[in-house]
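S.K.: These came from TrEMBL, pasted as-is:
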| type | residues | note |
| --- | --- | --- |
| TRANSMEM | B:12-38 | transmembrane segment |
| DOMAIN | B:68-280 | domain 'ABC transmembrane type-1' |
| TRANSMEM | B:72-93 | transmembrane segment |
| TRANSMEM | B:105-122 | transmembrane segment |
| TRANSMEM | B:154-177 | transmembrane segment |
| TRANSMEM | B:207-227 | transmembrane segment |
| TRANSMEM | B:259-280 | transmembrane segment |
Amino acid sequence: MATHEKKPSKKIGMALLYLVLGLIAVFQIYPLVWLFFFSLKGNSEIFGRSPFALPENWLFENYARVWVDGNISQYFFNSVLITATSVILTVILASFVTFAITRMKWKLSGTVLLLFMIGYMIPIHSTLVPLFQFYRELNLIDNPLSIILAYVAYNMPLTIMILMGFYRTLPREIEEAAVMDGCSIHRIFFQIILPMTKPVLSTTIIINMIYNWNEFVFVNTFISSDKYKTLTVGIQNFIGQYLTDWGAIGATLIISIIPILIAFIFLSNRIVEGIAAGSVKG
Amino acid sequence: MDKVMSNKKVIALYVLPSLILLAGLVYIPIILTGYYGLMDWNGIGPMTFIGLENYIKLLSDATFWYSARNSFFLAFFSSAALIVYLAVSLVLAAKIKGRETLRKIYLIPMLLSSVAIAQLWIKIYDPNNGMLNSLLKTLGVESPPAWLAQRETVLIAIFIAIVWQYAGFYIIIYSAALKGIPSSLIEAAEIDGATPLQIAYKIKLPLISGVIKTTIVLAIVGSLKYFDLIYVMTGGGPNGSSEVIASYMYKQAFGINNFGYGSAIGFMLLLLALTTTFIIQKITASKNDNLQY
């Protein structure tokens, strides 16, 4: 690598560059830090002192309060259950489809792939009324199944897109050898190919998890009972009732984003991969 | 080999369940939206066929046009912001210390729910206790605006929250594309004495033009579909001044049970998204040709 003599002007330029990049980082992070701080404050502190001040007494009881009294624990577990079920279903079904499209030989595979990809760009508001009507006829309104099915269907195209890139890199010889050994097609899929896709599976799992955890419109439209609501819609209700209680609102928001932040800390590389794969190849 | 790998029954078993699910929950509803748009229907009672009446009414509905104007406002500025994201990605592609960490930090807001983001920004914009106005007052601005409660500022305020949410997403996409450029190309240009700016402009940008095109489509179509953030932040207010197509559709259908009219708006949204995608593909296709030859 060439080593350049750094001129003073170049040094200043670099310093400015780092300053700008640093400022962007502050812009992206500071609102969350601020949120965390006001989630630990009481109203007297929020309305009486500078919003930039650190919390005086760290009021972790804000968290206990919303978790128990605010029904947030219920919403939280609903989110966990609905997210987990949808993610598992989406990833398994999408793996079946991707395997059939990329590894098996059939005439319509290209057309079917295109059909799946069409689903990617559809605005959900263009399907919401018929979907609502359909669920009503099936008696699935206010039933978590309506949400799970919608999540699986609407995340399928992206999941297939991410999986496909990986499936296409696997050498054909894998199946050839397996067939020679007399493996059935199901064994080839479940015991040979599927385990090989572990890295990309974790990418699709984390991406799906984030999308489902954060989803709002379907739950807001199809679910009316508190006992089935997920966090995104639940915190909306909650905030409607506690409008001026900033500490409680802050605590609720932090609770809703904590699982995502934890996932991010451990799986940030996978998340980055998933985002890049989902759009670059599309 | 071929016999095993082209077993029709297995293919059907693997593909059909998903295909049926998508047909039922995506494709058929898309067609039905256009069809329901031809109905006078309150969602509960019977449907009455009224032909194109809803669609004609839509064309002279001032609120619809105003919400479309807002959606296109966001689409325009969201795609203009791509230039900034691209510039940041180009800088980060240079040998910057800690660039991986910076990219990840930029991405964090994108991972949060729009509801949480909207609620957080409501607090940031709070006229009395919010972060922004406190900062402005410290800087000597005497009466900063009530950002979300004023017609003149509400869209800009929403747009800034959108930038906060999506900046990292686009930077990740651009960075991934830039990483894919063979370093031999860049080195060759460096040996020929090209400046970093020339390399960025003449080599890197043309090579990732396909990805740039994708992001333009994503930004514009994404903006036309914007809903959660605005619905939670302002509910389309004050007085309809931040209404967008999707929020207007939602209000008509699920707010005042105007299911027929709501479907018509939903169908228009689909048409707008598809036409815009098509037009961008057309425009950018000719530009690419110019760049390459």
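Quick reminder: no glycine exception, Cβ is built from N, Cα and C everywhere.
Just so you know, TrEMBL annotations never went through curation; they're auto-generated.
Any idea what these are sitting next to in the structure?
M.R.: Beyond the transmembrane segment (B:72-93), the same-chain residues lying 6 or more positions past its ends with a Cβ under 8 Å from any Cβ of the stretch are 99, 102-103, 106, 155, 158-159, 162-163, 166-167, 170-171, 174-175, 178-179, 200, 204-205, 212, 215-216, 219-220, 222-224, 226, 244, 276.
Long-range Cβ contacts of the transmembrane segment (B:154-177) within its own chain (Cβ-Cβ under 8 Å, at least 6 residues beyond either end) map to 70, 73-74, 77-78, 81-82, 84-86, 88-90, 92-93, 103, 105-110, 112, 114, 117-118, 121, 125, 147-148, 208, 211-212, 214-215, 219, 222-223, 226, 229-230, 233-234, 237-238, 241-242.
Counting residues 6+ beyond its ends, the transmembrane segment (B:207-227) has Cβ neighbours under 8 Å at 71-72, 74-75, 78-79, 81-82, 86, 162, 166, 170, 173-174, 177-178, 180-181, 185, 244-247, 250, 269, 272-273, 276-277, 280-281, 284, 287-288, 291 in the same chain.
Long-range contacts of the transmembrane segment (B:259-280) within the same chain: residues 30, 32-43, 47, 50, 54-55, 57-58, 64, 68, 75, 213, 216-217, 220-221, 224-225, 245-246, 248-250, 252-253, each at least 6 residues beyond the stretch ends and with a Cβ under 8 Å from a Cβ of the stretch.
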